[in-house]
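Take a look at the structure below.
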């Protein structure tokens, strides 16, 4: 039996299928050991010897390999064919050697693609380990350790908020910071262009002025509006004819197949993938045997692969799309190693594979590789110059025509944007056939103003390209370097562009000031050259390390001796031109804008650097590092914005794929009736036939929190009013929304007949009448609701029984009027004041609403001629409702009857009442608007437990802590809204059909799907992760047997070296109150500004040392608290007195809670629990019988209460 060892289980499964029964294939699951994070792991004084430590979570993997080796005849190391793969094989070999398990026959095989042919060929041609590659790995690992382990402790002690520094990551961060400084220092320059729209042979085109008054125009030649208008005038008045036509053929060649770098760039541009996501997908495709090895600098393809590609092109297209000779490519990137093929599909006949993001990436790789062997595209580029009669002014137009598409039929490479590239979109226009002497029609001439733009911020694609161009890092490390910058919160992503955070800018400034050489682009690229020389056997790895360490060590010792205050002062001077720029107005840029006497300076704080006034604490003016002149006071809440009014009850919001805020429970315009114009008469809401009248978003006439009636009637707000007050009906949140009044018992009016007095609406009021069928009043027309798409303008509505009443609204569309009627002819008198029921209960009654705009007045007549109905202006764009009730008991009419002896008295009373009502309505509306704004306000605050975000005010406010990896000063409304929306639903799992939830807990961000959890690396990943990445994360967690809850907390997150105090391993654990470190005897919680991922061994030792020095007083306090508790339980006679004193105890608990709600992200819960316990026990001792019958659980509760009550309280 032969044992084959590879890195991953997927690769092992594929290879085992090809090799057959004579082989056993096991996976090491990546690296098996590394340098421990402790002093002495690399010893420069002993030839840079290294001490390795096995990963604790790989113990069972190693055990499986060791057991299998014992039963095998030979060992075949088949890890990846690069520096890291060679290192993994070397580590396995060294480990087996130390345990004396190494078999006699050890071979190394490599293959660029996991296909049957490649694997069997590799097995037939084994080799030995490549010592040059191993030495290059050792040199790189030692360099990273020496830089990181030496610089990071300096940062922790001298630079608040800094987490780590690295040989490559710090240089990549400098690129981002330098670009940001370019943007900030950029001064836009105005320039103008003059263009003319022309036409010939019915084909339009645009020409640009390139020569004016005999001078050739450059981009910035026309600098102001005056010049532009003069040039525009000359073009308008000139007669232009074609003076020159130049046509030349152009060929475009395809790009070579992907390297690691170009794959990351193109996947970011075309697919929007992060570099790390691209590499995870490519790794999976490689292990499944679908593509070749994905970590490569090479652009060449194997001859057999080229032949397969040319065959596929011929089959899919025709012979004209295949070049005469196969295309050969050579890499142009700096520090490239062409040991491996380019990234290509293993089978060109397969144009689709896998699913989701895997399929999208595979298709991109397949198209690029196939197009690289296709024929060139043939184009014809034409340039036409048009000159006016003076010969001084020249217009130019450029166009091109594709004669043969060639490879463009299949693939065209994307390009990064260029802010100042105005010609990028030119040159592709279709031009008419123009000859010398032709005079195209001049249609319009325009002068356009422009401003030069700063260079764009780096995207992942452009940052990778820049790193590749400068020779910084290796293509295989680009993704991990960028991910570290994001995980450390040194950069943030905004619209897929990198912006340096305050911590990132401060770290870069520190390194530039004190370690400028080691973060220079040339020095870093030079180190990469040295590593390549080691890989090729042309340099000694120990000499390279010695040359580096000889200068680096003294520099770090020099900086370590300086005090933090001196470091901050140096940075203050170094950053002065940026932090306090001189505006040239004679004003001191360091003068405090708040007190005007203090001077601003750079200070260090818990969350990093900031600008503060020298008069602190008298003046509390501060501003963020790089924030500008608008400072803040951290003691005051900072308003970030307002939530939309139609967010759901909890303030949770939904987000689009681009991160835009979407109301969680909004329906479409067709569903709600809300149009762009603002108002529709009706809105249908979810429920069993429920409908509600919908007006403006700023003043809903119904309570969205109240459930609608399940019988199909609108849920209404019933208000009972007395005297001459107006009774509310319909869909109203208060009595001012829809007011209806009726006067009854007017004898003078009844003798002469019905007098319908309608208080007219403000705009275009029509008239509506309602009559019975008893002949007492004629029916007039009514603009009825358009039901089922009906557009009838007039409708006569009658009541067969002669009894009209009000009910619930209909749900017809665009209804201006809705009539409320009863089938049984009875009036629901529940809302009628008691003193008027006798005069109105036996009468037929109806009322109508008259809105302010585009609605109708309504008058009502009845057979008894005793009721005078008034239509009162409602102030809303809602008409009258047409709905029938099934029974009188379901009717929701509100009728207020006002007895009077004269019509004039009624009119005066109504006018006075309307004035008062209008004023009170305005006050109430203003109050409601103010309360609504407070409830929707999103603020950033700082409380006892740190910074947090709050939505609303008071005890009902929603709060969420600012995550540890987010700088509180950088939280804007968009980020705050997304944090408040957590946890969020990502989508249904394609296998289980269960919802995947992304949230954050005591252990940080996580994914949850049907009780299965997966960790997320950062808040950014929590907010941005999509369904495909979430499924991959959950699968990886299941594969790694990740556990959650109590089980997870029992296993260490990270194991450091042995403690110098206890000589036991120092471990990072998950505890009940969050992550902590332990050395077996002392436990120390992590500070809030330290993430578990960034914690190093030195930090852990410092935390444990500080915790061990702290006095232990908690146990003494607990013992003292138990003594009065015992006395109180035995003193039964004092129980009645407790009832009087305990009324004050809940008050203190309430006060604590209120303080927590207003000032802290996490309300204090323990005082509330004590208050409940005291109230319970205070009542029970009052009755002796109750005390005797009390079970043991109540006695325990009484004991707990007595413990919480001081002795002097009982005495009172």
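Any Cβ shown, glycine's included, is placed from N, Cα and C.
Ranges compared are 152-157, 158-163, 164-169, and Swiss-Prot records region 'Interaction with DNA' for 164-169. Per Swiss-Prot, the listed range annotated as zinc finger is 592-619 (candidates: 564-591, 592-619, 620-647, 648-675). Summarised by DSSP class, the composition of the compositional bias 'Basic and acidic residues' (921-934) is 14 helix, 0 strand, 0 coil. Applying an 8 A CB threshold to same-chain residues 6+ apart, the list for residue 80 (Mg(2+) binding site) reads 7, 88, 110, 293, 295.
The number of other Cβ atoms within 10 Å of the Cβ belonging to residue 7 (Mg(2+) binding site), over all protein chains shown, comes to 21.
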